[in-house]
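Contents: one structure, followed by commentary.
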Amino acid sequence: MSVTFIVGVDGSDASNRALAFAKRQASLVGEECKLMLVCVVEWSPYKFQTTEENAIRHKQKQEESDSAQKRVIDPLLEALKNDGINAEGRVIHGKAATILNNIAVENNAEQIFVARSTEQGLSARVFGSVTANLVMGSNVPVTVVS
Amino acid sequence: MISKLFTALTVSFFALFSSLVSASSIDETINSVFSSATGWFVSLIFSPLPGTSFPWIVLWLVVGASVFTLYFGFIQFRAIGHSISLVKGDYSNPNDAGEVSHFQALATALSGTVGLGNIAGVAVAVSIGGPGATFWMILAGLLGMASKFAECTLGVKYRNQFDDGRVSGGPMYYISKGFIERGLPAGFGKFLAALFAVFCIFGALGGGNMFQANQAHAQLSGVIGDYPGWITGIIFAVVVFAVIVGGIKSIANVTEKVVPFMGVLYVGTALVIILMNADKIGWAFGQIFEGAFTGLGVAGGMVGALIQGFKRAAFSNEAGVGSAAIAHSAVRTNEPITEGLVSLLEPFIDTVVICTMTALVIIITQQLVVDPTTGLYMLNESGTIQTADGSSGVALTSAAFASAFSWFPYILVVAVVLFAFSTMLSWSYYGLKAWTYLFGESKGAELTFKIIFCIFVFIGATISLGPVIDFSDAAIFAMAVVNIIGLYFLMPVVKKELNSYMTRLRAGEFKKFK
């Protein structure tokens, strides 16, 4: 039976520590364990935008996704592959806590791994109060890595 | 006709700036040149039906909105619940997050429509047409929901999606593409599309620009003391230039975030004033209903009230005008009809709710002077209703709010400036899309339009209200002439989409995610 661990990543040192911990747990489980790396680009459908921003939004979304894929997901997947860990990665827009939980439920994941906090910018958004929301609202166990 | 319009404007530009050099009063010179340059256009649009005083353009809008209401089976009433569900995101797939949501498209379009039309336009309507104009304004808002539904559905269905992911939509695209798809004369479609684009440019420069700058200046000078309009004009033009040419997004971002807050504050304050005068609410509605059918002494009686109500409603919510179709076309959806259903909320929020609030505050605070012996409204020499302090336009709304809260004019001046600015930004985009449709998508073409737009900000703040309102109205309504013709030809496309969508909705084909 395969085991799936969800790992919230954003390229920061803190999220790398969470991934390292998840990797150790995956190694303990064995070959049937798969890591699913999820990079969430924070996005609210209720954010106010100008007409011009709306007109180029689709293009922007693609750029954001491509950037996160190249900057965050691809290097991590490459490193995991070299270490012999079965892994896949996704970039998704939305609310981080909701997305991580939804993906965990959809994939029958055993656990979610996230960092406690990160230093700034997107990282702070994803792993700041988002972590607390995830811990309180998650349908699967959550491991918060300091 | 198109070349005549452009020639008139070009001539007015050169005449304007050559006169500036020697003019003793900049304001008066600009006013005089502008009035003479645009007068013929205004007369053409607002000429009355033969033998009556009823402008043909108002009938055009009423008939258009009524036809769409009947043709789509009163869609604005039977689908409003589903529209709200769509805005709430009940049917939005979380996997599509990151794209423009229905809520965002609606909010963006509303930021372009909710503005001075709701504050100054309503004041103009009730001071000319009396309280009865409010009734016709609400009716026009309700009927206009069907027009908005049709145009925004088509806006999404026939938008242009460029290779780099950008989106351009609006009447010029759906008229030209829709005519070809339906096997209608392609040349006629292209002609209508081009004509719409020309009028859209005028609308952007008139109602979307000069009217905003003009009324912002009126409010500013009313609160901080009288000063020349060209000072406001230069400041506004520089800020607009900084955003649309200089690309300083922070100004636009701040505006977009503050405007919704100001809107809520405005409606909230209006509600408080109405509740403070709860004993007069019944009387106010009595005046609205009685005035709607008798006029209560206003110039033109019932017809005068009706004309003003419909004119101001159309100017405020822009239903049938086609501008919203440009704003809504950016949303990502596989079902164009859903954007039409969302957009029909726009006239409701703009006109039925916000405009009615403004009108009620003006009526309830008794800004309009009534002859105590006859019970009819007293008119001044110009044929408008006498007001308590002689004010008109945005100053009348300001006086009405100030009668309850003396500090409100200071809030209102911030709201007016922000509303004006946000509307200008939206219309600069609409105008730009029309401009690039005509002259091609190039940096040079875009820059040319943006500079012209900034020049008109300056002109709008400088000239007096009369010529600005007349030209603003004429330009906006000219857009509606072409757009509604296009909608008549393309409404079967919308109906087909609607029937297909509703059948699938009833069959449970669309998953609810919330």
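Here the Cβ of each residue, glycine as well, is placed from N, Cα and C on the backbone.
Heads up, TrEMBL stuff is auto-annotated, nobody curated it.
Look at TrEMBL and you will find B:1-23 tagged as signal peptide. Annotation source TrEMBL lists transmembrane segment at B:54-74, B:187-207, B:227-246, B:258-278, B:284-307, B:348-369, B:407-430, B:451-469, B:475-494.
Residues 76, 80, 110, 113-114, 117-119, 121-123, 125-127, 130-131, 133-134, 137-138, 140-142, 144-145, 263, 266-267, 270-271, 273-274, 277, 280-281, 284, 287-288, 312-313, 316-317, 377-378, 385-389, 391, 396-397, 399-401, 403-404 of the same chain lie 6+ residues outside the transmembrane segment (B:348-369) yet bring a C-beta within less than 8 angstroms of a C-beta in it.
Counting only same-chain residues 6+ beyond the ends of the transmembrane segment (B:227-246), those with a CB under 8 A from a CB of the stretch are 26-27, 30, 213-214, 216-217, 220-221, 252, 420-421, 424-425, 428, 447, 450-451, 453-455, 457-463. Ranking B:187-207, B:258-278, B:407-430, B:475-494 by CB pairs under 8 A with the transmembrane segment (B:54-74) puts B:475-494 at the top.
Against the transmembrane segment (B:475-494), the recorded stretches B:187-207, B:258-278, B:407-430 differ in Cβ pairs under 8 Å, and the greatest number is found for B:187-207.
Contact between the transmembrane segment (B:258-278) and the transmembrane segment (B:187-207) is not supported, since fewer than 3 Cβ pairs fall under 8 Å when only residues 6 or more apart in sequence are counted.
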